[in-house]
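Data first, discussion second: the structure below is written as structure tokens.
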2 protein chains.
Amino acid sequence: MRTLTVDLGERSYPIYIGSGIRQQKELFSKAIAGKQVMIVTNTTVADIYLADLVALLGADYKVDTCILPDGEQYKTLATYESIMTSLLEAKHNRTTTIIALGGGVVGDMAGFAAATYQRGVPFIQVPTTLLSQVDSSVGGKTGVNHPLGKNMIGAFYQPQAVIIDNDTLKTLPERELSAGMAEVIKYGLICDAPFFTWLEENVDDLMALDNEKITHAIYESCAAKARVVAQDEKEGGIRAILNLGHTFGHAIETEMGYGEWLHGEAVAAGTVLAVDLSWRMGNLTEQDVERSVALLAKAKLPVLPPKGMGREAFIDRMLLDKKVLDGNLRLVLLNALGDACVTSDFSMDDFNGCLNDAIEAASAG
Amino acid sequence: MRTLTVDLGERSYPIYIGSGIRQQKELFSKAIAGKQVMIVTNTTVADIYLADLVALLGADYKVDTCILPDGEQYKTLATYESIMTSLLEAKHNRTTTIIALGGGVVGDMAGFAAATYQRGVPFIQVPTTLLSQVDSSVGGKTGVNHPLGKNMIGAFYQPQAVIIDNDTLKTLPERELSAGMAEVIKYGLICDAPFFTWLEENVDDLMALDNEKITHAIYESCAAKARVVAQDEKEGGIRAILNLGHTFGHAIETEMGYGEWLHGEAVAAGTVLAVDLSWRMGNLTEQDVERSVALLAKAKLPVLPPKGMGREAFIDRMLLDKKVLDGNLRLVLLNALGDACVTSDFSMDDFNGCLNDAIEAASAG
């Protein structure tokens with residue numbers, strides 16, 4: 001097991017990463033202050049992992065469960081309200097601890113419930129997908145979608161602990177493993193060139209779930225994100241570099257309808273666009289672009305936007321993004337492999353060229 | 001105008017109190033960082049004060065408005081969602097500022113919307129009732145009710161500034177003025193004996209809205225609350241003394257149905273119960289009890305529970321209160337006039353005697 005501390009002053013917390021650690025009771029009991037526990041999960045994850053966790057904690061705590069429907073389309077205020085109702089019906093008080101057992105959607109909603117149940121109760125993340133292990137379990141972003149926009153309702157709220165058992169990846173569909181790899185690769189691109197090179201050398205072993213290598217990749221990803229978040233907890237500045245590929249990616253997700261393209265798939269295609277634009281601006285070599293595309297492709301990710309999605313659709317969706325300040329489109333771009341910045345300093349010619357070429361390639365492909 | 005700073009480190013903010021200050025543009029512009037402003041208010045307050053505020057800010061900012069139905073029964077997730085929809089439809093981004101113009105219900109909901117719109121945007125409170133001026137505008141509690149409990153959903157979130165124009169009390173129904181006085185009197189009882197004596201001497205002038213005296217009463221109330229909150233922002237300990245009369249009071253409010261008894265009215269009757277219990281425990285003199293009852297009565301507040309509300313109803317409702325830790329009922333009681341504590345160290349005989357006598361007096365009255 002490896003342990004990483006996310007350093008946020010009095011809101012600091014540990015991330016434990018290892019094989020089988022979801023059965024180590026002391027990792028939970030160190031983070032649970034009261035006697036009540038509410039495990040929030042979804043129908044898919046409940047079938048595989050819920051009974052074990054209830055059995056592990058049931059002797060020491062009053063354990064209740066709240067099983068949500070599975071899918072991004074249920075990441076709504078209505079589902080959130082159902083968590084609140086479960087907590088109240090089971091008479092949970094302010095000393096309860098909420099455990100999020102599942103992927104990013106479960107973590108975001110359970111975290112938002114924890115942030116706002118009786119104005120805030122402790123919570124523990126047990127992420128079961130690669131995406132949630134390397135992304136949403138670090139950084140304290142919680143929330144739900146609104147029909148007019150993704151993640152528009154939420155709070156920054158830090159867990160007491162994150163317990164990442166990489167054995168859970170064995171039951172993850174390969175398409176979701178790939179989606180998680182999009183974020184892993186992103187960390188290399190934005191802030192860690194040696195890690196990017198390591199990923200190129202080990203991507204096949206990672207896709208085969210080599211335990212030691214997957215632990216390393218998760219650790220390095222969380223460490224990269226933790227370094228960035230520690231500098232900028234509330235996303236005032238530098239933290240935005242974590243959104244490489246996301247502004248394009250959100251446009252793709254929204255245009256296709258939530259759930260059609262997985263978040264990581266949209267981010268992968270968006271990352272290629274951002275890398276391409278960075279190359280057009282003279283920041284990257286052609287080889288850098290090829291290496292990025294090749295690595296994403298080896299992780300079985302799309303490297304082109306969805307067929308039929310036009311320029312207008314991109315631009316309309318992107319202008320509604322949270323990162324648009326007063327109508328001024330800002331993007332995360334690369335200064336070099338392993339070095340990202342947030343900027344609105346790009347030419348519309350480059351921007352349009354990058355979009356048009358990708359759209360053309362997609363329609364030809 | 002008087003200015004008070006609520007000292008919460010980087011979350012510190014000023015409270016301005018004075019006659020006519022809702023028309024002082026610089027108080028707003030100091031607290032608004034971006035170009036977008038969303039004023040959240042209700043139908044009643046909008047009719048009287050909204051046009052002036054829109055006119056004041058309209059030249060400098062893009063001002064949108066969101067007018068909620070008036071009443072505690074609308075303090076729901078559904079109304080909260082309608083604020084989010086208004087913000088998204090008007091394309092407000094993360095640099096928007098939300099202004100809460102109205103009483104406690106508007107402040108709580110607009111504050112919760114600010115706490116959670118795109119994971120948090122700035123907001124300004126312009127409380128227009130005495131209750132909200134002395135209570136909910138200080139301390140950062142925001143939220144909505146759930147059908148299973150009052151204020152069960154919410155967040156701690158501090159405003160950029162609170163602008164208290166006591167001229168707005170001129171349009172407040174007298175019953176609501178009294179309800180606000182219940183909280184003013186509470187501050188004297190829990191932590192400021194000289195202020196309690198000053199209130200006894202000036203209650204008639206306060207009920208007649210003498211400008212200088214009402215400014216003083218609001219300032220001292222906010223200052224008392226700010227002192228307590230500064231010691232305990234998240235209500236881990238000492239802050240609970242602000243709930244004098246509230247555990248009994250919430251039981252009354254819930255039993256009667258929200259809106260039947262005003263919050264302040266229920267708190268007044270609850271305060272008499274807490275004072276009576278403190279006397280039975282030997283902490284107060286009979287004269288202390290009489291002075292407390294007399295002052296509340298002079299402020300035209302109820303000093304007995306609602307006719308027909310029995311002991312069982314009190315106990316059932318109180319055990320669901322947020323302040324009940326693991327089934328252990330804790331109450332705010334007085335050690336002396338001007339000195340409160342939170343304790344579960346009272347005898348059930350005293351507790352039952354206090355409740356039974358009040359219930360009997362109410363049924364006789």
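Quick reminder: no glycine exception, Cβ is built from N, Cα and C everywhere.
Copied over from TrEMBL:
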{"type": "BINDING", "residues": "B:70-75, B:104-108, B:128-129, B:Lys141, B:Lys150, B:168-171", "note": "NAD(+) binding site"}
{"type": "BINDING", "residues": "B:Glu183, B:His246, B:His263", "note": "Zn(2+) binding site"}
{"type": "DOMAIN", "residues": "B:66-178", "note": "domain '3-dehydroquinate synthase N-terminal'"}
{"type": "DOMAIN", "residues": "B:180-324", "note": "domain '3-dehydroquinate synthase C-terminal'"}
Cβ neighbours of B:Glu183 (Zn(2+) binding site) where a neighbour is any other Cβ within 10 Å: 26
Counts by DSSP class (helix H/G/I, strand E/B, coil) across the domain '3-dehydroquinate synthase C-terminal' (B:180-324): 105 helix, 2 strand, 38 coil
Candidate binding-site residues B:Glu183, B:His246, B:His263, pick with smallest Cα gap to B:Asp70 (NAD(+) binding site): B:His263
Residues satisfying Cβ distance under 8 Å from B:Thr129 (NAD(+) binding site), sequence separation of at least 6: B:Gly102, B:Gly103, B:Gly104, B:Thr168, B:Leu169, B:Leu172, B:Glu176, B:Gly180
Residue pair B:Gln73 (NAD(+) binding site), B:His263 (Zn(2+) binding site) - Cα distance, angstrom, rounded: 13
Neighbours of B:Thr171 (NAD(+) binding site) among the binding-site residues B:Glu183, B:His246, B:His263 (Cα to Cα, within 10 Å): none
Among B:Gly104, B:Gly107, the most crowded of the binding-site residues [Cβ within 10 Å]: B:Gly107
Secondary structure of B:Thr129 (NAD(+) binding site) (DSSP, helix/strand/coil): coil
Other same-chain residues whose Cβ falls within 8 Å of the Cβ centroid of B:Glu183, B:His246, B:His263, the recorded Zn(2+) site, in sequence order: B:Leu131, B:Asp135, B:Ala182, B:Lys186, B:Gly245, B:Gly249, B:Gly264, B:Ala266, B:Val267
Pairwise CA distance, B:Glu183 (Zn(2+) binding site) versus B:Gly107 (NAD(+) binding site), rounded so that it is a whole Å: 17
Cα-to-Cα gap, B:Gly107 (NAD(+) binding site) vs B:His263 (Zn(2+) binding site), nearest whole Å: 15
Which listed residue (B:Gln73, B:Thr168, B:Thr171) has most other Cβ within 10 Å, given these are binding-site residues: B:Thr168
Local confidence of the domain '3-dehydroquinate synthase C-terminal' (B:180-324) - pLDDT mean: 92
Cβ-based isolation winner (fewest other Cβ atoms within 10 Å) among the binding-site residues B:His246, B:His263: B:His246
B:Asp70 (NAD(+) binding site), number of other Cβ atoms within 10 Å: 18
